[in-house]
Amino acid sequence: MQQTVTYGAKWKQFLTIFTPIVITQLTLFSMTFFDTTMSGNYSNQALAGVAIGSSFWAPVNAAFSGLLMAITPIIAQLIGAKKEKQVKNTVHNGLYIALFLAFILILINFLVVPTILTHMPVTAEVAGIARHFLNGICIGIPAFFISAILRSFIDSLGLTRVTMLITLCTVPFNIFLNYCFIFGNFGFPEMGGAGSGYATGITYWLVVLVSVILIQTQTRLRKFGIFKGLTALRFSKIKEIIGIGVPNGLTILFETSIFSAVTILMGAFGTETIAAHQSANSVCTLLYAFPLSVASTLTILGGYETGAKRLKDAKQYRHIGMAAAIFIGCVNGAILFFFRDIIAGFYTNDPALSNLIMHFLVYAILFQFADAVLSPVLGALRGYKDVTVTSIVAFISYWLIGLPVGYGLSFTNLGPFGYWIGLSTGLFVAAFILSIRVRKTEQKLSFNTKDAEISS
């Protein structure tokens, strides 16, 4: 990364960082896409089981990844402030947190989750598939969190192409393992939907291996000496990471868990509806890679410029990100509307299920416009290290507004589609409130910068 002066130079740097991130996110989300489609091709029960299992793993995955992503703005600001020597200790303390979280999650999976599954309104077969799917994921949980830290370290330096290479190398391996474990090919056991969990868990370890190799072979990464001895546990650094990471993780948890809660509530409408909801939701997840990548890019660039005390440049990047996200939202909405029948055909050959998926995809258009406003704002706030309020707003918007609205509408003629209208309502409310917040934060940072200049 480097300082830019003109809007043209800023657009170029924005796209240089954004493009590899979006390719990475699309490739990562394709893992979920292939888990869903390949399980659906095995059976509707397998698809429903993966949907329930994913409803447990997805919010935990996203929330703890969000917590660990706290090192991205921390390192970006350190680089902007030319304090590179502090980067190694930040990464190491992030790894300590990652391993602790992995241990806790594995315990919860084996001690708590089975009991929850037995009390859910799904068949015993679907619950069993979900349980074995999660057991497979557990194989790779430590690796997943380690790779999250390493990815955040790499991205915070603006070297997003390296992360892209890591992902492009490993996801085809995941698809191959799905083919082996789900359908029992090449002498592997036929595990149905649960097999996708084991394939994903094993793939996470390959991600770590490739990450370590690239960090050790790339000069711009190797110079930080990440793997040259361990640094001491520093509670001040742990506190900083947690202080930013917990609100950030909660924000993501409240958003992803609301979708998981809706998946569980869909159980009242039957296995077919769960399968259709999960199929349409996986498409939305894939498309969400674009606004999410805008947010990640703004976190990196905003953090870098804020660390260098160039708030005007950080604000200009936010405007660029907003313009990009709105354009992307319009394109995604058009794709969902005009190609919904083709998209549904990827998931099933069952006409009734295909029709349900197409109906969900129409309502998914609302998500695209809400995310176009919300994601850039969240990315900018993370770059500014202002994340405490976002978690509160997320809880109110999603759980106290979005879910009740959706629940109420589900008893009308809208049925299960009412939940998706409720979800969209929550996203729009959060986008409105946080758009006000980001402007106030920028005003505060501007005053602080001026005061620092006067005192110096």
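For all residues, glycine too, the Cβ spot is worked out from N, Cα and C.
Computed from a predicted structure; not experimentally measured.
The transmembrane segment feature in Swiss-Prot is assigned to 13-34 (among others); the stated evidence is sequence analysis.
Remote same-chain residues near the transmembrane segment (54-76) are listed as 32, 35-36, 87, 90-91, 94, 97-98, 101, 105, 113, 130, 133-134, 137, 144-145, 148-149, 152-153, 155-157, 240-246, 248-253, 255-257, 259-261, 263-264, 278, 296, 299-304, 307, 382-385 (criterion: CB distance under 8 Å, separation of at least six residues from the stretch ends). Marked as transmembrane segment by Swiss-Prot: 54-76 (among others).
The feature transmembrane segment is assigned by Swiss-Prot to 95-117 (among others).
According to Swiss-Prot, the transmembrane segment annotation covers 132-154 (among others).
Here Swiss-Prot flags 161-183 (among others) as transmembrane segment. Sequence-distant contacts of the transmembrane segment (161-183) (same chain, six or more residues past either end, CB-CB distance under 8 Å): 20-21, 23-24, 27-28, 30-31, 34-35, 38-39, 42, 46, 151, 154-155, 189-196, 198-200, 202-203, 206-207, 210-211, 214, 218, 221.
Swiss-Prot lists 193-215 (among others) with the feature transmembrane segment, giving sequence analysis as the kind of evidence. Outside the transmembrane segment (193-215) by six or more residues, the chain places 31, 34-35, 38-39, 42-43, 45-47, 49-50, 53, 129, 132-141, 143-144, 146-147, 150-151, 154, 162, 165-167, 169-171, 173-174, 177-178, 180-183, 221-222, 226-227 with a CB less than 8 A from a CB of the stretch.
Residues or ranges marked as transmembrane segment by Swiss-Prot on the basis of sequence analysis: 244-266 (among others). Same-chain residues lying 6 or more positions outside the transmembrane segment (244-266) and placing a CB less than 8 Å from one of its CB atoms are 51-52, 54-56, 58-70, 73-74, 97, 120-121, 273-274, 277-278, 281, 378, 382, 385, 387-388, 390-391, 394-395, 398-399, 402-403, 406-407, 410, 416, 419-420, 423, 426.
Per Swiss-Prot, transmembrane segment is recorded for 286-308 (among others), and the stated evidence type is sequence analysis.
What Swiss-Prot lists as transmembrane segment is 321-343 (among others).
Taken from Swiss-Prot, the feature transmembrane segment applies to 358-380 (among others), supported by sequence analysis.
The feature transmembrane segment is assigned by Swiss-Prot to 387-409 (among others).
Among the features that Swiss-Prot reports, transmembrane segment is placed at 414-436 (among others), with the record citing sequence analysis.
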Task: Same-chain residues near the transmembrane segment (286-308), Cβ under 8 Å, at least 6 residues beyond its ends - done: 1, 3, 13-14, 17-18, 21-22, 24-26, 28-30, 32-33, 69, 72-81, 155-156, 158, 160, 314, 317-318, 321, 324-325, 328-329, 332, 335-336, 367-368, 371-372, 374-376, 378-380, 382-385, 445
TODO: Rank 13-34, 358-380, 414-436 by Cβ pairs under 8 Å to the transmembrane segment (321-343) and hand me the top one.
DONE: 358-380
